[in-house]
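Enquirer: Encoded as C-alpha cells, here's the structure I'll be asking about.
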Amino acid sequence: DGCGHTVLGPESGTLASINYPQTSPNSTVCEWEIRVKPGQRIQLKFGDFDIDDSDSCHSSYLRVHNGIGPTRTEIGKYCGFGFQMGGLITSKSNEVTVQFMSGTHTSGRGFLAAYSTTDKSDLITCLDNASHFSEPEFNKYCPAGCVIPFADISGTIPHGYRDSSSLCMAGVHAGVVSNTLGGQINVVISKGIPYYEGSLANNVTSKVGPLSTSLFTFKTSGCYGTLGMESGVIPDAQITASSILEWSDQTGQVNIWKPENARLKRVGPPWAAFISDEHQWLQIDLNKEKRITGIITTGSTLAEYYYYVSAYRILYSDDAQKWTVYREPGMDKDKIFQGNTELYQEVRNNFIPPIIARFFRINPLKWHQKIAMKVELLGCQFSIGRAPKITMPPPPQNKNVDKNDDFSDDFIHSVKTSLQTDKTTFTPEIKNTTVTPSVTKDVALAAVLVPVLVMVFTTLILILVCAWHWRNRKKKTEGTYDLPYWDRAGWWKGMKQFLPTKSAEHEETPVRYSSSEISHLRPREVPTMLQTESAEYAQPLVGGIVGTLHQRSTFKPEEGKEASYADLDPYNSPIQEVYHAYAEPLPITGPEYATPIIMDMSSHPSTPLGVPSVSTFKAAGNQAPPLVGTYNKLLSRTDSTSSAQALYDTPKGQPGPGAADELVYQVPQSVAHSTGSKDE
C-alpha cells in the first residue's frame, strides 16, 4: 500500500512513493519488479529522495536488489533527508527489485526515480527542467511515465515552453515522446516571451504562463504539416461518415450536418452523426499512403449546440476493407485518445510511432449530448523504397474458380481493378514518393564537390585580381617617362643623404641624356622637365653667381673625373687654377638642351658698370633673383688649349656697346651668390 505514481515501460519507466511530493504515510511498504529485455542491464536515477533517517535506516529506507524473488542480492540500502544520490545505480542483470519501507516518522516526501536500459547514457527524470542545463542545445532521454499530476508546464508549440516547465512532460505535450514509451528529446534554449499560451494535447494540459528569461523548444523531423482538411486539398467526395444528422428547425429550414462540414476552422456547423453510439465513424481518404503523425479536433463550435466528442479510437487501412485499431508498441489494448472538454478548444493528439495508411477513420467512444466534430490531420508524404502492394479482390461467390488454373487471369484482373478503383493502395502516384538509393549518394557527392568548386573559383579570382593590381602598379611606377633614366637620379639623390661624402676619386658616373630620350616629349613638357630637381647637375656658374651643385643642369657633364660635391668653391681657391665644373656645350646638331651663347668679347668694348643684368632663369625658392651690376667672365674649357671668353650678358644678335641702355642682359641665376668674381 506504499506505491505511488508508477509507469513501467519495456525500456524505461518512472516510480514514486505514495503521496509524493507530500509527506508519505506511516507504516507503508511497496515493491517494484522491473524487467527489460534479456542481455540488457538497468540503471536507476533519483530525481528526489527525502526519507526519514532518525533511526539510522532501520524502519524507513529504500533498498535496491539485483534480480527478482528469493535469489535476489542487495545492491544498497538508502535513507536520509535531502539525500543527494551521487550517480546512477546499475544492475548486473536485466531484473531489479526496488523496495520502499516507511516506518513511523513525522516528515519526509519519500522519493521519485526513473529507470532505463544502460544504453541510454543521457537519462533524466520527470522533475528536470530547462533551467537545470546551461547548454543552448542538448539531447536527453526521457523515461516513460512523465505525465505526472504534480508537475506543471506552460506554453505550447510552436511558440515554446517556459523554462520552468518539466522537459519530459513538455515533450509529451509537444508530441515528440510518448508517455508510455519515453524517448529521446532534442532541446533548444532561446530568449523568453512575455506570455505563454495554454492548451490540451496528448492528455497533458499546458497552463498559461507569465514572462520568463528563457524558453525551450524541440527539434523534430518536421512531419507535422496539415494534410488538407482545412485547406480543401482533400475534396468533399473523399470525406464520408457512417451517418449524417439531418433535421428541421423551428422555422422549417432543413439542416444537414454532412461529413464535408468536418473541416477544422470552417465557419458553420460540423459533421454530426444521426445516431450517437459507439458504432459511428468519420472516414477520410487521403488518395494515397501518407505518414500521419497527429490529429486536431474541436466540437461543434456553435454556442447553441453544445456538442463534442470527449474520447475516440483511431482505425486505419490500405484498402478501406480491412481496418487496424491503433495501439502503442508493446501494448495489447487499443489506444483511447482524449478528446475535447468543450466545444471550441482545439485538442491535439499525436501518433508515436506514426500511422502509415491511405484511409483514416475516427470512432467516437464518448461524447457530450451528440457526436459532432471538426478535424484536421497532421503528417507528411510517405516515401519508402519498396514496391507497392497489389490487393487481390476476392473471387465471385457464384463461380467455382480454381485459383491455380486461372492465376494469370486473376492477376491481370487485379491489376486493371487497381488502376480503376479507389479501394486500393496501388496508384501511379506512388512512384513520386519512392526514394531511390542514388539520392543519398548524390547528396554526399554534392556535399564534397560544392566546397571544392567554391575554393577553386575563389583562388582563380584572387590570382586575377593580384595580376591586374601588379600590372597597374608597374605601369604607375614607370610613369610617362622611362624609369631607368628619369627616376633613377631622384632615387639616388634620396639615398645619397645616408651615405658619407665622396671624394673626387670615387664620384659616381654622371647621368647622361640622349636625344632619343627627350625627343618623344612634347615641346611644352621639356622646359618643365628640365627645371625639376631630380637630376644631379646644378645651374651653371655665370655672372659671378655660384649655383648650387644639386640643381638640374642643362649642360652635358665633362668626360672623366668631376670635382667632388664636397669640394670648396673653385673660384675662391687661390692655390690652383680650377676650370668651370661643367663640360662644353653640346654641338648644334645635338639634342634640345639649353645652349649658352658664346661670343668673342675681343671686339666688344667694355660696358659701363651699374647696368643691371636681368635673368630669365627661375631662382630656387620664392626669392627674386639678385641683380649683379658688373660684367663677369666665364672661362670655358674646350678640346683645344686656347681659352675664350664666354659672355652671357650680351644677347645674341643685338647691337654692340653703343646701345647699352637698350640691352636686356640674360643672366642665369641661382640661389647661392658670390659677392665677387675672379678673372682669369
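Every residue, even glycine, has its Cβ placed from backbone N, Cα and C.
Note that TrEMBL annotation is computational and uncurated.
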Enquirer: Which of these, Cys3, Cys57, shares a disulfide with Cys30 in TrEMBL?
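Expert: Disulfide pairing in TrEMBL: Cys30 with Cys3.
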Enquirer: TrEMBL tags one of 394-434, 640-680 as region 'Disordered' - which one?
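Expert: So the range that TrEMBL calls region 'Disordered' is 640-680.
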Enquirer: I need the most crowded of these disulfide-bonded residues: Cys3, Cys30. Count other C-beta atoms within 10 angstroms of each C-beta and give me the top one.
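Expert: In terms of Cβ crowding, the pick is Cys30.
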